[in-house]
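S.K.: Pulled these features from TrEMBL for this protein:
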- K119: active site, N6-AMP-lysine intermediate (ACT_SITE)
- D34, A35, E36, Y37, D38, S83, L84, E117, R140, E177, K293, K317: NAD(+) binding site (BINDING)
- C411, C414, C429, C434: Zn(2+) binding site (BINDING)
- 591-670: domain 'BRCT' (DOMAIN)
Amino acid sequence: MDKQTAAGRIAALRTELERHNRLYYVEDRPEITDAEYDLLFRELVDLETRFPDLAAPDSPTQRVGGAPLDKFEQVTHRIPMLSLENAFTDAEIADFDDRVKRFLGLHGDVEIDYVCEPKMDGLAVELVYERGVLTVGATRGDGVVGENVTHNLKTVRDIPLRLRCEQPPELLEVRGEVYLPLAPFQRLNAQREEEGEPPFANPRNAAAGSIRQLDSRITARRPLAIFCYAPGEVRGASFAAQTEFLDRIGQWGLPVNPLIRPVKGVAEILAYYREMTERRDSLPYEIDGVVVKVDSFALQRELGEKSRSPRWAVAVKFPPRQAVTLVEDIVPSVGRTGVITPTAHLRPVEVSGVTVSRATLHNWEEMERKDIRIGDTVVIERAGDVIPAVVKVLAEKRSGRERLLPIPAACPECGSEVVKIPGEVAVRCMGLSCPAQIRESIIHFASRDAMDMEGLGEKYIEQLLRLGLVKNVADLYTLTREQFMQFERMGDKLAENLLNAIEASKQRELSRFIFALGIRHVGEHTAKLLAGAFGSIENLERATEEELLSIREVGPQVARSIITFFRNEGNRETVRRMIEAGVRPTVEEKKVGGRFTGKTFVFTGALARFSRPEAQKMVEKEGGHAAGSVSKKTDYVVAGAEAGSKLDKARQLGVRVLTEDEFLAMLEGG
Ligand SMILES: NC(=O)c1ccc[n+]([C@@H]2O[C@H](COP(=O)([O-])OP(=O)(O)OC[C@H]3O[C@@H](n4cnc5c(N)ncnc54)[C@H](O)[C@@H]3O)[C@@H](O)[C@H]2O)c1
Ligand SMILES: [Zn+2]
């Protein structure tokens, strides 16, 4: 390539990368995958290396992140927060090790002490502790100036507001990655699609979007977590190495990833990288590689920094979990609130060990932006156990026979009018008796998190609808044994179990009942608030907009949605019929504003400081809930001696594990 061609390409790449930086860092809505971005970035680095006089200090290769949003107060980092250099192959890892040794003047055979860490795919933040108290929390921003998001970071329950130590250092700046574990990420996206909001492209964008909120109530509702991994400025304490630093901040109560491990030399780095490549799919959060750091802080200082990244660390990225396949069909499906979502049916293809045959296309806007058509050859990508997405179309593979799927003129299930609400990306079926919406709303009503009618899943609900035995949720309570016996392959015992499950659901907590009704914008959290504030379904039904708005965390959109729901004659009738059938939502006698409000605990192992019933009482007294088994909903597992499978499950799901003493300290307000 001659210099003139190179100059043209460099300019084009810079413009392109700057656009993607803005979309990714500032707007939290990237248009291309990280792997595609990394390719462009790499091309620019290579060209700038080959033509050094075309390099420029303001090139994206020399800068970090994106400009801070001006809706936030700015925070200047005492020490800049840099990015990391990338490595993609074994050879590049070996190059890194060589460079370190050459720079330090060490012999090639020396084995350096490194620390290997999972590279969390989240948002870098800095926490400032002054004399042990959290005073400021900021994003990385452009590396020099970040955004002040203290109020939001304080809602992240893993972040201690006060360090757990007798003599805290005068100043401790800690850097870490805020992330959203996969399970809540998926729930959040499902909810956003139902509400007509664009889903987040990946957990990183969800975490970044959640932290960069003006309203910290929104942040508080997202179960964000953090792992800390680097010091900023520190006064009144000193550490000789990364390993020592991590140990100490761990003791002070800052979360440190337990998968971090010291290693010696290149061979052990490679072994760690391979191990993480295998484990990444079973982790409850997304990692996009491994970070390798020189352990000794003295050596780190000697190596120093370049403009964009330190010389003592490298990020080894995982290959993207992508595959190429064919879109055999695009099928619109109708959700509980009537949102119509296009789903791609794919020729089954294996992506790193998992067979994929469906991909979500989210909505028509997204589908049109990527120009995805039936018959297209596409690149798909799987992130964690998130539903795969179509990354892009291979337009050069087109034959000309590909077809676009237009927005349906009518609901594919009931033929009702379809509307695209201004300001929303979603397309909705407006049919009041749309069978798809009815089906989805009954499935929701009976589901585990709502009325929990065990065994009454999608399959039976579809049969009930097909036989005309159920037209809305109230009809569930009129079902008889004889009616169930009409089902294929139904036995006495099974029918009995289903009826028992329906009967048992009559006594569920009020908050579950409210959530089960499927009022738009009323999720589990809001349902709990409403149950606490109104105490009965009748009171909620009569609530005025003003009363609703007086509840902290209930905004105008939610209030209006509740009013609209109960203004509807049909909805009121449905609720009335259920009460007549004996549904008696129980009122949680929980202390409102208790220390554990809304939190679920599981106790396991041999408890030495209190009995299990005592523990349960303590939790309930503070507004929490003690459950028998560990699930994604569990907030804390309190483990005594010889805790077994429940503890393993907790670790696997990334649930916070407490000792009995830690639990008692929390109870006392630690
Ligand atoms: N898709 C897009 O349009 C787009 C646009 C811009 C950037 N990106 C992605 O972002 C990358 C560049 O972003 P970057 O500057 O944040 O760099 P990076 O993500 O490649 O690496 C640096 C960051 O890693 C994070 N990190 C996670 N775990 C860490 C650990 N244990 N120790 C230290 N740091 C850790 C920190 O946030 C740190 O700032 C690109 O390589 C690309 O993958 C994508
Ligand atoms: Zn419909």
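Placed from the backbone N, Cα and C atoms, the Cβ positions cover glycine too.
Unlike curated records, TrEMBL annotations are generated automatically.
Give me the structural setting of these features: burial, nearby parts and distances.
M.R.: K119 (active site, N6-AMP-lysine intermediate) carries a strand DSSP state (E or B).
DSSP assigns D38 (NAD(+) binding site) to a helical segment in the three-state reduction. Here D38 (NAD(+) binding site) comes close to N86, F88, K317: these same-chain residues lie at least six apart in sequence, with C-beta atoms under 8 angstroms from its C-beta.
Around the Cβ of C434 (Zn(2+) binding site), a 10 Å sphere holds 20 further Cβ atoms from the protein chains shown.
Mean predicted confidence for the domain 'BRCT' (591-670): the pLDDT average there is 82.
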S.K.: Please identify, among the binding-site residues D34, E36, K293, C434, the one with the smallest Cα-Cα distance to K119 (active site, N6-AMP-lysine intermediate).
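M.R.: That would be K293, the closest of D34, E36, K293, C434 to K119 (active site, N6-AMP-lysine intermediate).
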S.K.: Ligand 1: which of the binding-site residues E36, L84, C411, C414, C429 have a Cβ closer than 6 angstroms to it?
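M.R.: Near the molecule: L84.
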S.K.: Per 10 Å Cβ neighbour count, which of the binding-site residues L84, C411, C414, C429 ranks highest?
M.R.: C429
S.K.: Taking only the Cα atoms, work out how far C429 (Zn(2+) binding site) lies from R140 (NAD(+) binding site), in Å, as a whole number.
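M.R.: Their Cα atoms are separated by 42 Å.
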S.K.: Around the C-beta of K293 (NAD(+) binding site), how many further C-beta atoms are within 10 angstroms, looking at every protein chain?
M.R.: 23
S.K.: Taking ligand 2 as the reference and 6 angstroms as the Cβ limit (strictly under), which recorded positions among D38, L84, K119 are close?
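M.R.: Among the recorded positions listed, not one has its Cβ under 6 Å from ligand 2.
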S.K.: Please name the residue among the recorded positions K119, R140 whose C-beta has the most neighbouring C-beta atoms within 10 angstroms.
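M.R.: The residue with the most neighbouring Cβ atoms within 10 Å is R140.
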S.K.: Within a 10 Å radius of its Cβ, which of these binding-site residues (D34, E36) has the fewest neighbouring Cβ atoms?
M.R.: E36
